[in-house]
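Novice: Just dropping this structure here.
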Amino acid sequence: MRPLVFDNRFVRELPADPETGPHTRQVAGASYSRVNPTPVAAPHLVAHSAEVAALLGWDESDIASPEFAEVFGGNRLLDGMEPYAACYGGHQFGNWAGQLGDGRAITLGEVLNGQGGRWELQLKGAGPTPYSRRADGRAVLRSSIREFLCSEAMHHLGVPTTRALSLVGTGEKVVRDMFYDGNPQAEPGAIVCRVAPSFIRFGNFELLAARGDLDLLNRLIDFTIARDFPGIEGSARDKRARWFETVCARTATMVAHWMRVGFVHGVMNTDNMSILGLTIDYGPYGWVDNFDPGWTPNTTDAGGRRYRFGHQPRIANWNLLQLANALFPAFGSTEALQAGLNTYAEVYDRESRAMTAAKLGLAALADADLPMVDALHGWMKRAEVDMTLFFRALAEVDLLKPDPALFLDAFYDDAKRLETAEEFSGWLRLYADRCRQEGLDADQRRARMNAANPRYVMRNYLAQQAIDAAEQGDYGPVRSLLDVMRRPYDEQPERAAYAQRRPDWARERAGCSMLSCSS
């Protein structure tokens with residue numbers, strides 16, 4: 001493998017835990033703990049992203065090197081790597097949880113590529129760290145496949161996200177109780193190499209504020225601005241104000257994209273919120289099949305549904321408020337923080353309107369259009385309509401003669417389709433009238449809509465089918481699914497099977513409809 005150029009500013013410029021090794025402990029006055037990955041028995045490459053490899057300056061010959069699986073399976077380090085686990089806290093399901101930290105993620109270092117980019121490499125499932133608590137620091141193949149595939153699928157959908165370089169099987173078993181019901185099972189282990197410019201989270205700042213460590217809080221703020229937001233200029237006070245405003249704006253844009261494509265994160269705790277506004281920590285996520293703002297894929301959240309699909313914009317705002325509370329001791333006033341929170345609301349409204357307009361083939365969404373949108377969403381929920389298939393079919397409607405039959409494949413329940421048929425026909429006529437005001441020809445309208453409405457999304461049942469095969473040693477379906485998701489807006493006629501609505505067998509199956517945090 002060609003050597004990588006490392007410039008590990010996080011470990012160079014921020015204080016380290018004076019203790020080393022993976023034994024569990026409370027870590028104060030430090031941003032990270034030095035810890036090495038724990039070697040595994042038989043690392044082997046399951047899948048990789050050629051696009052992410054290219055970001056690092058590598059090609060297929062580097063990936064094919066026997067050294068690759070050894071490095072990204074945690075068995076050896078490259079020159080320049082300085083492994084560590086980060087220290088942070090967070091609010092989990094609305095409650096302060098204290099110190100959390102990287103319990104099974106180990107950052108290897110920060111790579112500089114030839115285009116001026118900085119990419120942090122992080123192994124997830126690489127063994128115990130000081131933050132593992134009572135866990136083993138490992139990850140199962142099941143959850144690792146889901147994280148690897150969704151990281152790349154989201155990127156190709158145009159959603160801000162962390163990336164994934166590789167998925168490496170460990171040759172070892174990991175014991176997990178998938179639904180916390182007292183039935184633990186031994187499952188194949190795996191390690192994902194996650195890649196992002198930064199893995200700093202809201203929780204990094206929250207823990208320092210909760211502990212009253214104002215000195216390190218100020219250092220972390222200044223470090224984050226200097227390394228991760230180099231375009232922000234001005235006085236120290238102005239930089240901080242613009243930085244928080246930027247964090248709020250990026251978070252708003254990220255969540256608006258989630259809502260556009262039907263993604264439900266599942267566990268929007270503040271320790272799972274990226275300071276860069278990237279989707280991070282793909283655990284019990286899900287994709288909306290039949291449109292339902294109240295749906296959550298996370299069994300842990302099944303009662304309160306705090307992180308349900310339609311609640312995500314509000315939760316992101318709440319999480320930013322917790323970040324603002326943590327930053328207040330360093331900012332000294334609420335003015336800049338409130339301005340940032342106001343920016344979140346403004347940017348989310350603007351981006352959400354623009355994306356909804358694009359999904360409907362409109363140039364812009366006026367206030368007068370909102371009742372039409374609300375009526376559509378209400379009907380979609382009542383009629384149990386597949387979100388992805390519906391919007392893709394909507395691009396094919398003949399505005400002069402709209403035909404409801406075009407949408408037959410999008411319905412999950414024929415009785416509900418018939419019950420709501422008149423309501424939908426009325427909406428479709430209203431929509432056609434509105435579209436005719438745009439003055440676009442059919443091809444222009446279709447192109448606008450198909451650029452906003454994916455044909456292919458990482459449906460849970462598709463991921464589960466790939467997992468089932470991989471657990472039997474067949475990695476072909478994982479690689480095929482990754483390849484389909486590289487072009488989610490293209491028709492890909494030879495891959496139409498990946499664009500089908502959720503089959504009946506997957507409606508209640510574990511891993512296809514509901515998931516847990518067990519991974």
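Positions of Cβ are set from backbone N, Cα and C atoms, glycine also.
Keep in mind that this is a model prediction, so the values were computed, not measured.
Sharing the feature lines straight out of Swiss-Prot:
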BINDING   Gly101, Gly103, Arg104, Lys124, Asp136, Gly137, Arg194, Arg201, Asp281  ATP binding site
ACT_SITE  Asp271  active site, proton acceptor
BINDING   Asn272, Asp281  Mg(2+) binding site
Novice: Hey, of Gly101, Arg104, Asp281, which of those binding-site residues are within 10 Å of Asp271 (active site, proton acceptor), Cα to Cα?
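Specialist: Near Asp271 (active site, proton acceptor), where near means Cα within 10 Å, the binding-site residues are Gly101, Asp281.
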Novice: Say you check the Cα of Asn272 (Mg(2+) binding site) against those of the binding-site residues Gly101, Arg104, Arg194, Asp281; which is nearest?
Specialist: Asp281
Novice: Counting other Cβ atoms within 10 Å of each residue's Cβ, which of the binding-site residues Arg104, Arg194 comes out lowest?
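Specialist: Candidates: the binding-site residues Arg104, Arg194. Fewest Cβ atoms within 10 Å: Arg104.
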Novice: Identify, among the recorded positions Asp136, Asp271, Asp281, the residue whose Cβ has the fewest other Cβ atoms within 10 Å in this structure.
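Specialist: Output over recorded positions Asp136, Asp271, Asp281: least Cβ neighbours within 10 Å is Asp136.
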Novice: The record names Gly101, Gly103, Arg104, Lys124, Asp136, Gly137, Arg194, Arg201, Asp281 as the residues that bind ATP; what is their largest Cα to Cα distance in Å?
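Specialist: Output for ATP binders Gly101, Gly103, Arg104, Lys124, Asp136, Gly137, Arg194, Arg201, Asp281: max Cα distance 22 Å.
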Novice: Can you name the residues of this chain that are 6 or more positions from Gly101 (ATP binding site) yet have a C-beta less than 8 Å from its C-beta?
Specialist: Val27, Ser33, Ala85, Ala86, Cys87, Tyr88, Gly89, Thr129, Pro130, Tyr131
Novice: Under DSSP, is Gly101 (ATP binding site) helix, strand or coil?
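Specialist: Gly101 (ATP binding site) sits in coil per DSSP, no helix or strand.
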Novice: Specify the count of other C-beta atoms within 10 Å of the C-beta of Asn272 (Mg(2+) binding site).
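Specialist: Other Cβ atoms within 10 Å of Asn272 (Mg(2+) binding site): 22.
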Novice: Taking DSSP three-state, what's Arg194 (ATP binding site) in: helix, strand or coil?
Specialist: strand
